[in-house]
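These notes concern the structure reproduced below.
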Ligand code: SAH
Ligand code: SF4
Ligand code: F3S
């Protein structure tokens, strides 16, 4: 096509943004755009942004500044901001950075093509509505192109939890679940295009309560059991879960559902009940630990992952010690930890801060403990047999890289496996960030 335009999308933040970026690329495909990996080639640049911490939001403005020269050279270049910064700051973005032509919030992506048209007419376009219609339904019309073997699929959006530190309930809105029928047909389509592992996504994915196939409301476990029936789909994962939404049927599925992988991301944030209460987490350290025990009783080899915030307002050394104690008791195979970042408009934003140097020092101590645990659990894989889904070629000849059931990266040489194959692998060595194995079947 002579007048195909090029779209460059840069994605920040969580996996939900990764999924949304793919959908936006598809929607713009219908408007004559194909994606490019180089911003210099682009007719339109979209930043899909994250507002979770101050640094994440500020990155957007410094990135936008870098496009100034490009726009001077190419006046037809359109620049758009999507995602959570777009939702949180709206028009303010265009005020602060006048080169921005378009601002679109996460619930309005299906309106992108008409917004782009508006910018071509020389106008600015802004849409941060939370419309009634299902954006994903409107974003249909995917190409039948082959896909990488592991894919994301958003099943739930938004959050009703209102943790005192967090912007997500404001940027993504209330909890909404997609009907099971749409999720299933999307999963079938992905499998037809080569996908063998699907990670179900939601800000509170285990709060899923979508319209089921039989007129009733389905839980996440109901949905997983249905997806388990799809031939060719070999692995199911989900993220991110909230401890309060870990219902019995989901715990049981971890023990009984063959395709559900033995890995769970279950953020706790802090091990101090005083801090958990001030965070509005509505669980205690004790209730979280008891929950983990129940999940591990269903699936003893489960690998656990978590999120932690240090330096939350009024966190004392004693509170911090309680977090270290919880980590020692639970043992995490993977973890993400952050220094508290004040987010305007959230309840915690008004509270007195912990000294910054103190918070940084706590973060270092926390990360040292988490890395040590992570390494120990990774090293403990040596000698074990795991299944590996191969996702790409390695750096060396005849070497493939994939993910184990437990989400560890595994390098395997000389297996003759192709991308998309799943093989039984014996782990022989544990490196800095990955394992080495030999294929045994
Ligand atoms: N819905 C998910 C993830 C939310 S954002 C959940 O509830 O677990 C991912 C992580 O970012 C959170 O788990 C939290 O650890 C961190 N985070 C959120 N807001 C933050 C803030 N204001 N400062 C520092 N970290 C934050
Ligand atoms: Fe944010 Fe809490 Fe909701 Fe997670 S559960 S998205 S941390 S408000
Ligand atoms: Fe960031 Fe929005 Fe995800 S704030 S973490 S991109 S939901």
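Cβ atoms are placed via backbone N, Cα and C, with glycine included.
Please treat TrEMBL annotations as automatic predictions, because they have not gone through curation.
Owing to the predicted nature of the structure, the values given are computational and were not obtained by experimental measurement.
Range 356-383 is the one annotated as coiled coil, of 328-355, 356-383, 384-411 (source: TrEMBL). Close to residue 84 ([4Fe-4S] cluster 1 binding site) in the fold, though at least 6 residues off in sequence, lie 13, 17, 49, 50, 51, 52, 106, 167, 168, 171, 172, each with a CB less than 8 Å from its CB. Taking H, G and I as helix, E and B as strand and the rest as coil, DSSP gives the domain 'MTTase N-terminal' (5-121) the counts 61 helix, 24 strand, 32 coil.
Its own atom aside, the Cβ of residue 159 ([4Fe-4S] cluster 2 binding site) has 23 Cβ atoms within 10 angstroms in the protein chains shown. Of the chain residues outside the [4Fe-4S] cluster 2 site list 159, 163, 166, 161, 162, 165, 167, 168, 169, 203 have their Cβ within 8 Å of the site's Cβ mean position.
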